[in-house]
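Here's the structure we're looking at; comments come further down.
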Amino acid sequence: MSYTRPKTTLLALFAITLLMAGGLNQLETRNSFDGELPADDPINQGIEAAKATFGERSIVLIGLETGSVYSPEAAQKIIDISNELAKVPHVLSDEIVSLATLSNVSHRDWGLETGGFLDELPADEAAWQQLKADVAGNAMVLDRLVSADESLTVIAAALEEGFEGGTVYDAVSELADHYAGPERIHITGAPILVEDVQRGISGDSRRFIPIAIVLIFIGFYISFRRLPGVLLPVGMVIMSILWTMGFMGYAGLPVTVVSNALPVIMVAVASSYAIHFMNAYYRLADQHSTGPALAEATLQKIGLPILITGLTSALGSASLLIFKITSLREFGIIGSVGFLLATVICLTFLPAVCALLKPPAGKAYQSAGLQRFLRSLTQMAQGHRRAITVAYLLLIAGAVYFIGQVKIGDDYLKFFPKSHQGRVAAETFNDKLSGVRTMDIVVDATAYGGIKDEAFFRNLNGFQDYLMDYEEVGHTYSYRDVVHHLSTNLNGETDALPGSSEIAQYLMLHEMSATPGEVFALRSEDDNQARIQVFLKSSDPEVHQALYEDIQRDAARFFPEGNTPLTFGGDVMHRIALGTYIVEGKVQNIILALLIVFLSCLIIFRSLPKSLMALLPITVSLLMVFGLMGVIGIRLGISTALLTAMIVGIGVDFAVHYLVGYFRDREEMPADEAITHNSLHTGQAIAYDAASNIAGFSVLSFSGFLPVQHFGWLLALSMLLIFLNTMVLYPALLTQKERQLATPEFA
């Protein structure tokens, strides 16, 4: 035992800490959601199939917002930014799309004119009006590159494979800063947002750990008012973080937006175990004259409940493995190992150090105000059992109703605060252009003999018109739009659709005038597949899900001839699939987490009623938290999907300690006295535990990511609710049902 050989134990722990700290150098960050879906997921397979045919380019978007883009100053900046963007490392200089780089086929009185929109700056008002007309007459440019109100234009640049995100981010940011004023320059696009996530994760990590440790330092001092009562738990917390983060490094588990919260969670969990240990240590101090004897007595009194809650918390975290989403499964592994490591450190490090110290003199510190509050709460619960029952039934009914209002899925843009440059840019593009979220629909034309077939073109035309009827669809773009633009400029406006030979001619003309990247972004090289890009103004995942389901249902109306399968790609498809897995996994996760706690308590108490009682404050708190999410509109996404495992895994600590303490007291005193004594003594440790958790999880509100902020304060609120529910429900129920409860042996 650690208290019999404390120096050897501490030396071994120090060596292990050094070893685990070495894993920190191997920690990596994953800042995107690629790879979150199972390889055999149908949507994921469709996304990969679309990539295989049409490729995938990472795109940086620069927006120039001004009074009118049709001015000499704005036009010159479009040209200059396009030229400078070509010099940015990793940018493909021949795949920059802007008014300065695009070619246009325009009808003139004397015939067709082919050339760039800004090959030359317009010299007079007539030339500016002609430029406006050319843009307005090109459906491939209007509302995609230039807003209808003429106030915004976009410059898009494709990046080479294997680009270094930080280098691109810094260069594009510097370019934007250089050209800003009086025009407003926006930068966004997946590479920019991903790098923002990367830097946000790093910033969070630098902020979280120091703030959390300072808070628990203060909390332990308030709780125990003794230096060892502060330094020992803080040392244990730091060791727990080092061991857990080191394990992540050695195991190759990356830091993500989800696992970014882990250090704070470890602070809360480790401090919970330390609070109960130190509380028992100081309460028993006046009964023992030597350090080893006091350490042994403390372990005998509190060791089993800490071990039980540690194992139960680890199993609760492991319940996340039931999800099919990679980052949640990874967090389940990390959390399980971290909770077990914190338990081991608590039951070895603290007894070893305490064995080397002289037993503290004087009685354990008790807060008079906290004691009065706990006594009043207990008396209220015992004296108003019927009113409490009615109140809880009403609260539960309301919570169940509002749980049905919880929305599913994350909006990637809303990971960031409203003032964040990437979110501002994306929302500006959504408001003034066709939208920045995209859904790709790949239509197989093999049954028609290829995309040049007149019947296929007619059906595709009707299908795109159908898509445009949706309010959330800002624009659709396919080879149909290329054909229509060329046909209009060659033949004038006409309602007649071109025949197969005309389609072939227009596509050949497009192939001759455009880059290969432009051509084969819309059709496969064998001309058997057409790609429709659907630009969405809405960022609501549920809107995307509904649109996806409608398209699947209605597609057969437009492609009746033969088998015309649709394949879906684009960034919104990841979110649709993730939302489905979050719903399925959440239900399974709740059931599994509660089942784990129930079975653990069944082993502890060897009684079905008592095991069910242990679930009560946790279950009620879960219902309240998810009901609150429905009331205030917080989405159930990847981060908030962790709530169940964390609430159950950490919250069971309160229930186990309260019930174990009560059953022990009940062996020595009458029921009412046992309830009061336990609520005042064990309740004090639970109150400190709850306060430590609340303070620790509140640190997450400093995150740069809104879902992490929501997760943090919801978890903090959960700890408060579990504390109150534990301290109200148990005195009420135990008073009501005491005669039906048998006392298990914990002595």
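Including glycine, each Cβ sits where the backbone N, Cα and C put it.
Annotated domain 'SSD' per TrEMBL: 237-356, 611-736, in sequence order. The transmembrane segment feature in TrEMBL is assigned to 208-224, 231-250, 262-282, 302-325, 331-357, 387-404, 587-605, 612-634, 640-664, 711-733.
Within the same chain, the transmembrane segment (302-325) stays apart from the transmembrane segment (387-404): fewer than three Cβ pairs sit under 8 Å, each pair at least 6 residues apart.
If you look at the transmembrane segment (587-605), the same-chain residues 6 or more away from its ends with a CB under 8 A from one of its CBs are 308, 311-312, 315-316, 318-320, 322-323, 611-612, 614-615, 618-619, 622, 641, 644-645, 648-649, 652, 655-656, 659-660, 663, 744. Segment contact holds for the transmembrane segment (231-250) and the transmembrane segment (331-357), given three or more CB pairs below 8 angstroms at sequence separation of 6 or more. Cβ atoms under 8 Å from those of the transmembrane segment (331-357) belong to residues 1-4, 6-7, 9-10, 13, 228, 232-233, 235-236, 239-240, 243-244, 247-248, 251, 253, 258-259, 262, 265-266, 269-270, 273-274, 277-278, 281, 291-292, 294-296, 298-299, 303, 306-307, 310-311, 313-315, 317-321, 323, 642, 645-646, 649 of the same chain, restricted to positions at least 6 beyond its ends.
If one looks beyond the transmembrane segment (387-404) by at least 6 residues along the same chain, the residues whose Cβ comes under 8 Å of a Cβ in the stretch are 381, 620, 623-624, 626-631, 728-729, 732. Restricting the average to the domain 'SSD' (611-736) gives a pLDDT of 87.
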